[in-house]
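Trainee: Got these off TrEMBL a minute ago, pasting:
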{"type": "TRANSMEM", "residues": "6-21", "note": "transmembrane segment"}
{"type": "TRANSMEM", "residues": "33-52", "note": "transmembrane segment"}
{"type": "TRANSMEM", "residues": "115-134", "note": "transmembrane segment"}
{"type": "TRANSMEM", "residues": "154-173", "note": "transmembrane segment"}
{"type": "TRANSMEM", "residues": "193-217", "note": "transmembrane segment"}
{"type": "COILED", "residues": "232-259", "note": "coiled coil"}
{"type": "TRANSMEM", "residues": "386-404", "note": "transmembrane segment"}
{"type": "TRANSMEM", "residues": "433-454", "note": "transmembrane segment"}
{"type": "TRANSMEM", "residues": "474-498", "note": "transmembrane segment"}
{"type": "TRANSMEM", "residues": "533-550", "note": "transmembrane segment"}
{"type": "REGION", "residues": "602-633", "note": "region 'Disordered'"}
Amino acid sequence: MSGGALGIEIVLVFFLPLFLLHRYGHFRKQHPLVLFGTLLSWYLCFLIVFILPLDVSTTIYNQCKIDNEKPRALTSSDPSNQTSNSSVFPTSTPKVCHKPWSYIPDGILPVFWRVVYWTSQCLTWLLLPFMQSYASSGGFSIPGKIKTALIENAIYYGTYLVIFCSLLIYLAVHPQWQLTWQGLQTISIAAANTWGLFLLVLLLGYGLVEIPCLYWNSSRHGYLLAKTYFKAAKLAKEKSDAEENMDDAMEEVANVNESIGYGHPLRISIDTILRKCPMEIQEKMVRLNTEDSEDESTQRTYPSKRSLVKLHKQVICAGQRHSQTQVQWAILLEEAFHLEDVCKNETSTSHQFVHSFLSSQPPGWLGKYLYTPTIEWYWECVLRQWCYRLLALLLSLLSVAVVWSECTFFSTHPVLSLFAIFIQLAESDYNYLYIEMACFVSILFLCVCVYSTVFRIRVFNYYYLVPHHQTDAYSLLFSGMLFCRLTPPLCLNFLGLIHMDASISHQQRIQTAYTTIMGSMRLLSFIADGFYIYYPMLIVLLCIATYCSLGTRCLNLLGFPQYISQSDDLTSELVEEGRELIRRGTIGWRERYGEQRNLRRSRNGYSELKDNDSPSDNSDSEYDVYDDHFQQT
């Protein structure tokens with residue numbers, strides 16, 4: 001299967017970033033270049049993660065062939081030495097090197113890694129920053145948006161130019177370093193990987209603790225419900241602020257719309273801004289403008305083109321944020337209703353799960369025949385929490401293994417890195433399937449810890465990935481930039497953990513095609529022997545800080561409320577406020593589905609759990625809080 005595994009993975013991996021982009025982006029509303037840039041950046045990063053295990057198994061197979069050729073070369077070069085040695089030591093027969101099922105022929109992987117790596121680096125350092133500014137620009141024409149993007153990125157690209165010139169000067173004054181194109185490439189890669197490793201350790205230190213804690217806390221229904229109330233109180237304020245910003249933006253649009261008639265040259269720009277407003281606002285603006293156009297004697301003050309550009313950007317941001325908060329509020333209500341139902345059903349003696357709200361659609365065959373009320377009760381009230389606890393324990397063991405290996409991977413005699421021990425044990429038996437699975441699971445866990453932090457992190461309102469097609473173009477492109485900057489050093493760090501990076505392990509063995517593309521870090525010994533080895537040890541302090549919630553407490557002191565525990569005064573106040581908001585939301589949903597909540601049926605139909613009802617006296621039901629407006633949003 002020469003190169004077949006590589007081709008299959010290249011095709012199959014494409015669907016993962018496509019699925020994520022469909023979940024977070026909007027194919028119909030966002031610019032095609034934004035979607036293409038984000039999809040390409042995510043795709044290239046996932047390719048590195050999925051193809052690297054194949055590179056490792058192919059390298060081990062090539063190393064086996066070289067090891068078998070060495071004894072033959074020695075015996076053929078010195079026959080007398082063979083005779084003298086054979087009388088003392090028995091002649092060892094070389095091991096048979098079985099070709100792995102995913103073997104990739106020589107010459108393919110270097111070209112593949114070179115294309116993938118340099119394409120991703122061009123995206124993250126050059127194209128995506130420009131596309132960010134272009135997408136968030138309030139310009140009305142393509143040249144205007146390009147001009148705005150160039151101005152905003154002038155400092156960004158100027159910094160790169162200064163660093164590059166300083167690097168050239170540094171190389172010129174050191175005669176022991178020859179200024180060659182390959183050496184310049186290696187230094188550029190080292191600089192990019194150093195920046196990525198700096199951010200990687202911060203995100204990894206957070207994710208190694210947060211991911212196991214997340215699943216452990218997910219098994220505690222009371223904790224989840226209290227935290228949901230807390231998030232409801234915070235989101236209600238954000239929702240109110242977004243509505244105020246939207247009203248302010250619409251007021252400015254109304255003033256500008258009244259001042260500029262249909263015959264004015266700036267009317268095209270006003271129409272462009274109006275298309276970004278809600279439909280009811282557009283109709284009202286057009287009607288008012290038609291009425292005011294009959295009175296030509298009114299003195300009008302016309303805005304400038306620059307003010308219209310600024311207003312256009314304000315309307316885009318306000319509309320996007322308003323839509324995000326509306327969707328998030330609907331999702332949070334659904335989550336709170338479900339958690340309240342779980343808490344009510346835990347005391348049920350009939351062992352049948354009963355929902356508080358009715359579903360607007362009949363259940364499918366899966367929910368009708370397989371996911372019965374009894375199975376749903378056992379899963380939601382019993383099995384789910386134990387599965388989450390077991391998963392949390394397994395993830396905790398993996399986190400401990402990663403922390404230990406990050407602190408000991410530089411030791412080759414003895415081998416202390418757990419990942420290196422596992423791979424070397426499999427290498428001794430040439431169990432390629434185990435090698436690839438071990439590499440894939442290890443890299444996947446590292447990626448989950450890092451990427452999940454990227455998806456969950458929020459930098460005020462400038463960067464925030466929101467599901468259900470609500471992520472703006474700026475955040476999508478920014479996530480693509482982070483992926484392209486974090487993935488290469490993450491994979492290089494993993495190769496160091498399994499002792500397949502000679503610049504760190506100092507072993508005389510064949511290198512993977514990925515490390516050959518990275519270049520020899522021996523050119524920069526202070527990075528290979530210093531920063532790459534000792535900086536990852538900082539992950540221990542970061543894990544301790546995350547476990548003690550030091551970052552959360554600091555943000556809380558700075559005025560950014562974070563959920564700590566219900567013993568905290570501010571947290572308890574927001575929890576109570578959120579509980580009251582959810583109660584009001586419950587009343588609203590009951591009024592909205594007033595006709596449906598009077599229905600009482602068996603599992604073939606639906607039933608409703610009232611606040612004062614006992615779960616044992618009711619049958620099961622389903623509810624769906626996604627209304628038509630939410631789906632359209």
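Glycine is treated like the rest: Cβ placed from N, Cα and C.
No curator has checked TrEMBL annotations; they are predicted automatically.
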Trainee: Any idea what the model's mean pLDDT is for the coiled coil (232-259)?
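Mentor: Per the prediction, mean pLDDT sits at 89 for the coiled coil (232-259).
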Trainee: At a Cβ cut-off of 8 Å, and with pairs 6 or more apart in sequence only, do we get at least 3 pairs between the transmembrane segment (474-498) and the transmembrane segment (115-134), yes or no?
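Mentor: Answer yes: the transmembrane segment (474-498) meets the transmembrane segment (115-134) with 3 or more Cβ pairs below 8 Å.
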Trainee: Below 8 angstroms Cβ to Cβ, which residues of this chain, lying six or more residues outside the coiled coil (232-259), approach it?
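Mentor: 270, 273-274, 277, 281, 285, 288-289, 292, 300-303, 308, 311, 314-315, 317-319, 321-322, 324-326, 328-329, 332, 336, 561, 574-575, 577-578, 581-582.
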Trainee: Checking distant contacts: for the transmembrane segment (193-217), what same-chain residues at least six beyond its ends satisfy Cβ-Cβ under 8 A?
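Mentor: Hits for the transmembrane segment (193-217): 223-224, 227, 388-389, 391-393, 395-396, 399, 402-403, 446, 448-450, 452-454, 482, 485-486, 488-490, 492-493, 518, 527, 531-532, 535-536, 538-539, 541-543, 545-547, 551.
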